[in-house]
Ligand SMILES: NC(=O)C1=CN([C@@H]2O[C@H](COP(=O)(O)OP(=O)(O)OC[C@H]3O[C@@H](n4cnc5c(N)ncnc54)[C@H](O)[C@@H]3O)[C@@H](O)[C@H]2O)C=CC1
Ligand SMILES: O=C(O)C1=N[C@H](C(=O)O)C[C@H](O)C1
């Protein structure tokens, strides 16, 4: 497959490395200073850029008939517009806040646990996410997906970075050194706590998941999630 990388930073470079191992070709490396893009040469675009660049990148790929795998976080206020645009143009799009296979299993576990905990009034849920100091957005996209998974399966109705009201999930954000990404969901009562935790040891899992999504997406039209890709 001929891949166009949109964003040639930490993730773009990691995807390049794994893509070559999987016999793909990188035909475009688009970054902030790129002037011209040969869309016709691209079978699938993979966008790991910045919150303010992602939507325009996705839109122009769709406008040029190029399927897009989007991993950039922090742009979701424009997600519905991207979905509508993709459907209108008969394009192909997958967004995931986290492409790692482990995290996608963690998302499923989180929803199941939320359902089990919902009737137990003695427990309160909270979350913590830890990332490297270069990260532009907070909370992480993954933390937002986890919070949404709890909200869909319980009486909680919102998340907050501040002091949580009765129906809100408190998310604590930490930025430390070069941490690739750690997420913890905690249910705490007076007598005990239940924690579920995912720790990324490096960026390979994110990159592999994005490549698997790209391989799956080519030849399809529509808006998809990693649930579709992994058949969860
Ligand atoms: N969904 C997932 O599995 C994961 C998502 N991410 C997200 O991916 C994004 C990128 O992460 P990193 O590679 O660590 O960041 P990075 O800062 O290392 O790379 C981002 C790159 O995008 C470039 N860029 C800026 N404007 C651009 C534009 N208009 N078009 C194309 N490129 C542009 C920057 O110059 C930089 O090289 C972040 O939003 C991060 O949260 C990161 C890891 C996993
Ligand atoms: O910026 C990162 O590095 C990461 N971003 C994603 C997020 O916001 O959840 C995924 C992963 O945690 C790494």
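Every residue gets a Cβ built from N, Cα and C, even glycine.
Keep in mind the model is a prediction, meaning the values are calculated, not measured.
Per TrEMBL, domain 'Dihydrodipicolinate reductase N-terminal' is recorded for 1-99. Here the domain 'Dihydrodipicolinate reductase N-terminal' (1-99) returns a mean pLDDT of 98 for the predicted model.
If you look up TrEMBL, you'll see 31, 71, 72, 73, 96, 97, 98, 99 marked as NAD(+) binding site. In three-state terms derived from DSSP, residue 96 (NAD(+) binding site) belongs to neither a helical nor a strand segment and is classed as coil.
Look at TrEMBL and you will find 102-230 tagged as domain 'Dihydrodipicolinate reductase C-terminal'. Broken down by DSSP into helix, strand and coil, the domain 'Dihydrodipicolinate reductase C-terminal' (102-230) contains 47 helix, 36 strand, 46 coil.
Summarising the environment of residue 131 (active site, proton donor/acceptor), the number of other Cβ atoms within 10 Å of its Cβ, over all protein chains shown, is 24. Among the features that TrEMBL reports, active site, proton donor/acceptor is placed at 131.
The feature (S)-2,3,4,5-tetrahydrodipicolinate binding site is assigned by TrEMBL to 132, 141, 142. Take the CB of residue 141 ((S)-2,3,4,5-tetrahydrodipicolinate binding site) and look out to 10 A: across all protein chains shown you find 20 other CB atoms.
Positions annotated as active site, proton donor by TrEMBL: 135. Neighbour count (other Cβ atoms within 10 Å of the Cβ, all protein chains): 17 for residue 135 (active site, proton donor).
Ranking the binding-site residues 72, 73, 96, 97, 99 by other CB atoms within 10 A of the CB puts 97 at the bottom.
In this structure the C-alpha atoms belonging to residue 99 (NAD(+) binding site) and residue 142 ((S)-2,3,4,5-tetrahydrodipicolinate binding site) are separated by 10 Å.
Among the recorded positions 131, 132, 141, 142, the ones whose Cα sits within 10 Å of the Cα of residue 73 (NAD(+) binding site) are 141, 142, in sequence order.
In sequence order, the recorded positions near residue 141 ((S)-2,3,4,5-tetrahydrodipicolinate binding site) (Cα within 10 Å of its Cα) are 96, 97, 98, drawn from 31, 96, 97, 98, 131, 135.
Within 10 Å of the Cα of residue 97 (NAD(+) binding site), the following recorded positions from the list 131, 132, 135, 142 place their own Cα: 142.
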